[in-house]
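Right, one structure below, let's go through it.
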Protein chains: 2
Amino acid sequence: MSKVLVVDDEPALARALAINLRAHGWEVVTAADGRSALDAAATERPDVVVLDLGLPDLDGTEVIAGLRGWSSVPIVVLSARQHGEDKVDALDLGADDYVTKPFAMNELMARLRAAVRRGQVAAPEEAVVTVGSLEIDLARKRVAREGVDVRLTPTEWAFLELLARNLGRLVTREQILREVWGPAYEHETHYLRVYAAQLRRKLEDDPAHPRHLITSAGLGYTLEAG
Amino acid sequence: MSKVLVVDDEPALARALAINLRAHGWEVVTAADGRSALDAAATERPDVVVLDLGLPDLDGTEVIAGLRGWSSVPIVVLSARQHGEDKVDALDLGADDYVTKPFAMNELMARLRAAVRRGQVAAPEEAVVTVGSLEIDLARKRVAREGVDVRLTPTEWAFLELLARNLGRLVTREQILREVWGPAYEHETHYLRVYAAQLRRKLEDDPAHPRHLITSAGLGYTLEAG
DNA sequence: CACCGTCTTGACGGTTCCTTGACGGCGGGC
DNA sequence: GCCCGCCGTCAAGGAACCGTCAAGACGGTG
């Protein structure tokens, strides 16, 4: 769970933010002015800071500068001002993102997630899905079974990749056909059978009794996690 | 083409909205009160909802809360009230954006587009409905009873999904038949009995005395929350 | 042009699922 | 008590779907 520090002097807005963020799984700490914001940032070590400009004591830019003196925590600035002038200021000083009021809660949430993601330096995005003895490397577009590479055709790979990106989730026939063959093929279910069989022959220990690539008759296919 | 659900009890405004939206390429569904809004959202699966506060039956906030129980569809609230009080309420409950009347059609349109865009980027959003020892995962299309997966046929799943999306609310026979079998089957009530029985056999501890899938004779079925 | 890997298409047998009918239980109205 | 409507149960037949094999079509490459 990520921790967010909300810095805002309007109690109503601060409360609304806190409630929404908590509902979405964030741990929330609040501060109502610039000085306590700096204190809270030092003691709580949040993963990201939401900073409303126009605080009673310090100018928002001072808060950013103060934080940047010792921390590289991502900062998302919140502002009522419409024009770009202080946007440039804030970004210059080291803010990471900028949202003008009124804003949509989802947008803020998305920007926070993005900010945290960017903030995590150690994120080379190791996109490898492991399923039993299968290793599916989404970045390199490779599959290995018990350590040895398996050669897949482009269509086989597209099929498998789609299932792997939805690991453990049922992917409907229509979705597979749309994604792999294109929107016009939405009803060509024959392809599914041919390619499911082909993947099983290459990837399953016992293709006749698949343990990974599971069929749900009339619905679609699932790449089973366990 | 994106689909929008317009919830407004003033016919004139609802019509004006529908016409304008359709002219801009939206697919439009309308509802005039809170209850039918929830029904329509469950059956139509809009990409975004425009919700006018001040409905005859339910408070707008109740509608938001009801929707948020199972859906993460973006909601844009429409309100005549000028001051911020219920704005905060609406956002607290999970609305995504807020437009005060009178508004420019262009502005609403832009906010809808933005809401849809954000909705698509947003997280996969765990949508799991828990009923007793049942876990119904709407995103993965899976049901587990006491932790173990239960295999459902496509029709069984469609039936259960509809009830789960209307958790605790009675779903009429007509609505189920229309949704699961199609508009032409609105009077084939035999199907309901067969499939209700089948679901109970798979999901209930004692199929003869169901505690979750409840019949209301002559009316329809309810998936009981407790 | 011939070769090769890949994609498409067809046919067939086995399985799952849907549909349909028949029957019994339950409860309300008369 | 009897009738009637509605619900729940079971089972059978047929339709839809799946897995499999293999032959042809297609598109690059040498």
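Every residue, even glycine, has its Cβ placed from backbone N, Cα and C.
Taken from TrEMBL, the feature domain 'Response regulatory' applies to A:3-116.
Taken from TrEMBL, the feature 4-aspartylphosphate covers A:D52. Look at A:D52 (4-aspartylphosphate): DSSP puts it in a strand.
If you look up TrEMBL, you'll see A:126-225 marked as domain 'OmpR/PhoB-type'. Confidence annotation: the domain 'OmpR/PhoB-type' (A:126-225) carries a mean pLDDT of 87 in the model.
Positions annotated as DNA-binding region by TrEMBL: A:126-225.
Using a 10 Å radius centred on the Cβ of A:D52 (4-aspartylphosphate) and all shown protein chains, the other Cβ atoms total 23. According to DSSP, the secondary structure content of the DNA-binding region (A:126-225) in residues is 38 helix, 25 strand, 37 coil.
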